[in-house]
Each structure stands twice: as structure tokens, then as C-alpha cells.
Amino acid sequence: MPKKLVFTCLINFFIAAILGLALRYTYLFPISINYRFLTHAHSHVAMLGWVYLMIYTLFVRYFIPNKKPVYNTLFWVTQIAVVGMLLSFPFQGYAAISITFSTLHIFCSYYFVRLIWKNHKTQSTTSKLLLKASLLFMRFSTIGVWCLGPAVGLLGQASAFYQIAIQFFLHFQFNGWFLIAVLAIFFHKLQLTDSKQFQRFFKLLIASTILTFALPVNWFVPHAVFLWLNGLGVVLQIAALLIFIKLIKAPFKIVLKQSHKLIRFMFQFAMFCFILKIGLQALSLIPDISNTAFQHRNLVIGFIHLTMLGVISGFLFAYILQTKLVKLNKTLTIGMYVFVLGFVLTELILIVQGGLFYFGAGLIPKYYLLLFISSLLLPLGILSLILNILKPNNYDTKTLKET
């Protein structure tokens, strides 16, 4: 796997983590920068600079046998779009320059879908179906972006139409494109064959991904039918999870047994977060929680970070650790543990504080300071992986053979 590409993705992740740290810092010592604009920069670099480009790199690595120069060129054009968003969002938010670079990224993603769809090769039907589904969800999610302009022009940013368009993009990016993409790579590595059980899992996964979009719609257009649709989606999601566990149980044990303890830890961490994510979504079956959780920003951020940092980044880290780009030593192990510790602490603080707000119990003592200190661990963990990759002659002798 090209070292420069992985390094670039991790640098994007590190920058996104620093921007997130700056957002925490503003609550301790106010700085003269627009918080909302900085949030846009943080989220776009994290999603499009880290997750998108890392999945891009992995898809080309595992599913494209004939690696033509176009893939490398497209990567760097997409990275230019990310840098453009990084340099424009903090100062102007959604305006001419940032929208131009965002649009460039979308068109790059469309071309990427076309290339992968046309040129991918895999003997595994399971990974092929998941790969195609993730690409379709990625393109599908951008409908939300194209609706933002008409929404603002017709009804304004405060309208339900505008808010639902944003949620449409985020939901199908996180739960469709990102999540299913990392599962496609996971199934490829496990070398799982097609079966009736997999077909049931796949259909349930797709159906639940679509149906659970009803929950964010209900936040802005409350109606009982949306709660019922989300409830059905959650039930299907739980059923998909149970089949998923049965499917992967035996081959996953083999992978873990053959892997270095750090890779084993990272896979187990990602899997735990995946199960926890679905478990927390099941709580939306309780009407009071489904209707009010969105009103508590701490709970929303906590859930987004669970998905992005725990599930998706957890799997992506595990895939990177399996390559020959890293040397699995004590320093890197400590660095990865530091990242996970930072994630766990920030999640606990956000969720506990969200729960206190929910019950009207006030603020945790030194809440913002605790959150800032815990958040410091995230970029430190990412930096440890970056520095490890920068070292020459890294040969991973204890990882599972790449497949």
C-alpha cells in the first residue's frame, strides 16, 4: 500500500483532531474565531480527508489489480479539494471558495465510483456486494448536498427541508458509504463465501440503513409513521447484527489468533464499538428517547464520535496495522492505547453530561477542562502512528498476511 497516501490520510486525521481540540479549547479560553466555521472545517477534514481517502486507498489496494496512474492522480486532486476546504471553512463557512472545493470533492467521488465500479476485481461475492452497496450509498448521500441550495433559497436554513437534507447526507455517508465500505474490506480479509445466511444479512443491512433514516426525519417533521419506520429499521438492524456475528465468528477467531496482539486489540475495539452503536440505536425504540436525544448536543456528538472514531476509524487503524508500513513495537502499542483511552474518556464525559442534561441535573465539575484534557490524547495517538510510518525499513513480521 503506498506509504505517501496512507501518510496523507493520517495527517488529515491528525489535523481534524487538532481542530477538534481547538473547538474544546474555545470553551476554556475564548478565541477570535467563528466556532461554527471551525466545526465545518473539523467535520469535513475528518470525513473527507481521513475516512473517505483512507477507504479510497484501501479499495484500490484490495480491489483494483491493475493500478493505473489515474488512481494516484485522482487521489491528489481529491486531496487538493480537502486542503481547499481546510483553508476556507474556518474563515468563511459555507461560501464561494469552500463550496467550490466541496463541489470538486463530490465530482472526484463520482469519478472514483465509476472507476471502482468498472475496474474492480474480487473472487468474493460477499465483498463485491458490500463494495457496490457502499459506492451506491456514497452517490445517494450527495442528493442531500444538492438539495441544500434550493432549501436555502426557497425556505431558509431554519427550515425542516434544509435540516433534513443535511441529515440525509450525514446518515447515508456514515451508515451507508463509510460503514459498509469498511465491512466490504473486512469480509474480503475474512475470505467469506456467499451463502443464504450472508444474503439475509446483506438484505437486512441495506433495508435497515434506509429505514433508520426515518429517525432524523422525525426530529424535524414529527409523525408517528417515522417512529414506526425507524423502529422497523432498528429491529432489522439487530437481526442483521445477529447474523453478522454468526457469519464471522469462526473466520474472525482465526484472524485474531494469527494476528499481533495490537491488531487483535484494534479489531476487538472496533467490533465492540460496532455492537455498541447498534445497541444504542435500539434505545430509539423508546419514544421519549427518540424524540429528545437530538436536543442534547452531547449525546449527538458522542454517538457521531462512536461511529467515526470507534467503529470506522477502529477498523481503518486495524487495516493499516496489518500492512508492512508499520513496525509493531511497544511505542506504537502505547500510542494506540492512548488513542483508545482518549476516545473512551471523551465518550464517557459526553454521555454522562448528556444524561445529566437530560435529567436536568446540571454540569459536571470542570466539565470543559476534563473534556479538553481527554481530547488531547486523540491527536497524540494518531501522531504515534504517523511517526511510526515515517521510520524507514518498517517490516511487519507478526501481522496476518494481507489478502
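Glycine is no exception: its Cβ is also placed from the backbone N, Cα and C atoms.
Keep in mind that this is a model prediction, so the values were computed, not measured.
Feature annotations, reproduced from TrEMBL:
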type	residues	note
TRANSMEM	5-25	transmembrane segment
TRANSMEM	45-64	transmembrane segment
TRANSMEM	71-89	transmembrane segment
TRANSMEM	95-117	transmembrane segment
TRANSMEM	129-152	transmembrane segment
TRANSMEM	164-188	transmembrane segment
TRANSMEM	200-219	transmembrane segment
TRANSMEM	225-245	transmembrane segment
TRANSMEM	265-287	transmembrane segment
TRANSMEM	299-322	transmembrane segment
TRANSMEM	334-361	transmembrane segment
TRANSMEM	367-390	transmembrane segment
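Only pairs six or more apart in sequence are counted, and the transmembrane segment (299-322) with the transmembrane segment (164-188) gives three or more Cβ pairs under 8 Å, enough to call it a contact. Long-range Cβ contacts of the transmembrane segment (334-361) within its own chain (Cβ-Cβ under 8 Å, at least 6 residues beyond either end) map to 262, 265-266, 269, 292, 296-299, 301-302, 305-306, 309-310, 317, 321, 367, 370-371, 374-378, 380-385, 388. Sequence-distant neighbours of the transmembrane segment (367-390) (same chain, 6+ residues past either end, Cβ-Cβ under 8 Å): 3, 6-7, 10-11, 13-14, 17-18, 20-21, 24-25, 27-28, 309, 317, 320, 325-327, 329, 331-332, 334-343, 345-346, 349-350, 353. Beyond its flanks by at least six residues, the transmembrane segment (129-152) meets 59, 63, 102, 106, 109-110, 113, 116-117, 120, 122, 159, 161-162, 165-173, 176-178, 180-181, 183-184, 187, 202, 205-206, 209 of its own chain at Cβ-Cβ distances under 8 Å. Between the transmembrane segment (45-64) and the stretches 5-25, 71-89, 200-219, 225-245, the greatest number of Cβ pairs separated by less than 8 Å involves 5-25. Counting Cβ pairs under 8 Å to the transmembrane segment (225-245), the stretch among 5-25, 71-89, 95-117, 164-188, 200-219 with the most such contacts is 200-219. Tertiary neighbourhood of the transmembrane segment (71-89): same-chain residues 2, 5, 8, 12, 15, 37-38, 40-41, 44-45, 48-49, 52-53, 56-57, 60, 64, 95, 97-98, 100-102, 104-105, 108-109, 111-112, 115, selected by CB-CB distance under 8 Å and a gap of 6+ residues from either end.
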